[in-house]
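Listed in TrEMBL for this protein:
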{"type": "BINDING", "residues": "8, 9, 10, 16, 17, 149, 150, 151, 189, 196, 197, 198, 199, 200", "note": "ATP binding site"}
{"type": "MOTIF", "residues": "9-17", "note": "motif ''HIGH' region'"}
{"type": "BINDING", "residues": "137", "note": "L-tryptophan binding site"}
{"type": "MOTIF", "residues": "196-200", "note": "motif ''KMSKS' region'"}
Ligand code: ATP
Ligand code: MG
C-alpha cells in the first residue's frame, strides 16, 4: 500500500486538522509500513503559494512549524517519508505533462476555484490548475491510497480521470489511477462559534496554543445563556461536543451527569475541556520541544524524505518521459 497525503503549511494546525486528518495519517503510517509499502506525507508549500504570496519568511516559518507539528504529533520518520513538496522538482515536470492532457471543462468544475470566484476573490491560473498539481503529487509516487476528507473526493476523481486519459492517449499503463481513502468524517470538529472549525472562519483552537491563549479561546466558546443553577443538556452544547474529542466514555458520562444535575456553570465545563486538551497534547508538547531544540535534525528528516521521494518519483517520471517521446535522459 502506498499512502500519500499532503498538508498545506498555510497556518498553525488546529484541532480540526488534527482529528480530521493528522491523527489518521499517523494511524495509517503503521498500516503502510514496509515491505508492503510506505506512507508519503508532504508539506505542500507549492500549493501554499496560491495563498501566501510576497511573504517568503511567512511561508518558510509555516513550513518549519508544520514539520515540527507533524513530528511532535507522532509522525515517525522511520516509518513514513516526510518531505517538502518543493524539494521534489519532478512534481512540476509531471504537472506539465498532465496539463497537456487536461480538458478545460475539468478545471472549470474544480470547487476551490469556483468557491473563490463566487466569493469575489481574485483567482489566478495557479488556483485554477491546482487540481492538476494535486494529481501530479499523487501520480508521481504511484500512490494507490489517498486519505482525504469527503470534500476532496472530487479531486481524487480528477486524478483518476487524468491518469486514465494519459494511459489511453499513450496506449500504455504509465500512471497508476489512485483510490480515495475517505477519512472518518465523524471527526468533523466544530470551532468556537459551533460552525466547522476552519482557519478561514477565524474560529480555531490551535494544537499548540499557549496555556494562556488556550484558556482565553476556550472561554470564548459560544454557549446558551443558562445560569449556573440551571439543568443543562450536554448533547449539542459546543463545550461538551469539544470535550468529547479528548475524553473516554466514563469521563464523558461524568461530565454529562454534571450538566444534567444543575449547579454547574459553563465556566466549569470549559475548565474540564482545557484540562482534558492539555493532558491529551502533553506528550506532543514534549516531543515538539525536543525537535525544536534540534533544527538541523528536522532539516535532515526533510532532506532524507526528499531523497526517498525523488528516487520513487524519478522512476515514475522516467516512464512518463519515455512514453511521451521526451528525452529519456534526465
Ligand atoms: P482553510 O480555511 O484554508 O480551508 P482549514 O482550517 O479548513 O483551512 P485545511 O487546510 O482545509 O484547513 O484542512 C487540512 C486538513 O484538515 C484536511 O484534511 C481537512 O479535511 C481537515 N480539516 C480541516 N478542518 C477540519 C474540521 N473542522 N474537522 C475535521 N477535519 C478538518
Ligand atoms: Mg478547509
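The backbone N, Cα and C atoms fix where each Cβ goes, glycine too.
TrEMBL does not curate its annotations; it predicts them automatically.
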(request) Using a Cβ cut-off of under 8 Å, list the residues of the same chain at least 6 residues beyond the motif ''KMSKS' region' (196-200) that approach it. (result) 10-11, 14-16, 188-190
(message) With the Cβ atom as the reference point and anything under 6 Å counting, tell me which of the binding-site residues (17, 137, 150) are near ligand 1.
(response) 17
(message) Given a separation of at least six residues and a C-beta threshold under 8 Å, show me what packs close to residue 8 (ATP binding site) in the same chain.
(response) 43, 44, 47, 48, 51
(request) Could you measure between residue 17 (ATP binding site) and residue 137 (L-tryptophan binding site) for me? Cα positions, answer in whole angstrom. (result) 20
(message) Return the average pLDDT for the motif ''HIGH' region' (9-17) as a whole number.
(response) 94
(message) From the DSSP assignment alone, can you count helix, strand and coil residues within the motif ''KMSKS' region' (196-200)?
(response) 2 helix, 1 strand, 2 coil
(message) Just to verify a number: CA distance, residue 197 (ATP binding site) to the residue listed as 'L-tryptophan binding site', in angstrom, no decimals.
(response) 26
